[in-house]
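**Q** The transmembrane segment feature in TrEMBL is assigned to 20-39, 76-97, 128-150, 185-209. The domain 'Connexin N-terminal' annotation in TrEMBL covers 42-75. If you look up TrEMBL, you'll see 141-208 marked as domain 'Connexin cysteine-rich'.
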Amino acid sequence: MNWGVFEGLLSGVNKYSTAFGRIWLSLVFIFRLLVYVVAAERVWSDDHKDFDCNTRQPGCTNVCFDHFFPVSHIRLWALQLILVTCPSLLVIMHVAYREAKEQRHRAAGGDSYHCIYPNPGKKRGGLWWTYLLSLIFKAGVDVVFLYIFYRFYRNYTLPRLVKCELPPCPNVVDCFISRPTEKNIFTLFMVVTACICVVLSLVEAAYLIGKRCRECLQASSTESCR
């Protein structure tokens, strides 16, 4: 990973975010991404290899594992982190588009140049909508994945023992999951951080809408006083 490019992206996202957005970004990249990279991948690295069933029937262990683990936690978290961070990059791209448009207008205008965007990073017009929709999208992604985890793994926990009777298993067999307690701890940690991120995104969206409404009310009252 090119950490220089990564640091530049983080600096850009922080630059155009509110205080709530900076807290959200720190929570995602410190408590979710780093935990995923450093610890979670290692915990789930042996999930299939150490999934033991008390039978030697060929194919039984693979069928039971696929039934109880239709999608790996690691792959779901990877997809979740990718989708939840993309909207922040769209905000940076929108600001870059504004800056490029301002430069083209400055070059074409010459002496009669009139500034289009005095502050390209200020959340006004289309950028305000882009930022607001990015918050709603991020919260929606986390909610959807929380529901997916709940549907696949009831109560977000893994049992120590599962009973399987799917063919080609000869009868009801007992299967044991590798390190279920450790996996449950990491799962609950990721679920709690995702819930906090949802709350932060919704609070930030409410803050932006409230601030915009207050500015509109102040502008209308100023015009009525003239």
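Our numbering is plain: 1 for the first residue shown, then up by one each step along the chain.
Each residue, glycine too, has its Cβ placed from N, Cα and C.
Are these features on the surface or tucked inside, and what are their neighbours?
**A** Tertiary neighbourhood of the domain 'Connexin N-terminal' (42-75): same-chain residues 36, 149, 152-153, 162, 164, 166-170, 173-179, 182-183, 186-187, selected by CB-CB distance under 8 Å and a gap of 6+ residues from either end.
Sequence-distant contacts of the transmembrane segment (76-97) (same chain, at least 6 residues past either end, Cβ-Cβ under 8 Å): 9, 12-13, 16-17, 25, 28, 32-33, 36, 40, 120-121, 126-127, 130-131, 133-135, 137-138, 141-142, 145, 148-149, 190, 194, 197.
Residues 16, 24, 73, 76, 79-80, 83-84, 87-88, 90-91, 94, 156, 187, 191, 194-195, 197-198, 201-202, 204-205, 208-209, 212 of the same chain lie 6 or more positions beyond the ends of the transmembrane segment (128-150) yet place their CB under 8 Å from a CB of it.
Counting residues of the domain 'Connexin cysteine-rich' (141-208) by DSSP class, helix then strand then coil, yields 44 helix, 8 strand, 16 coil.
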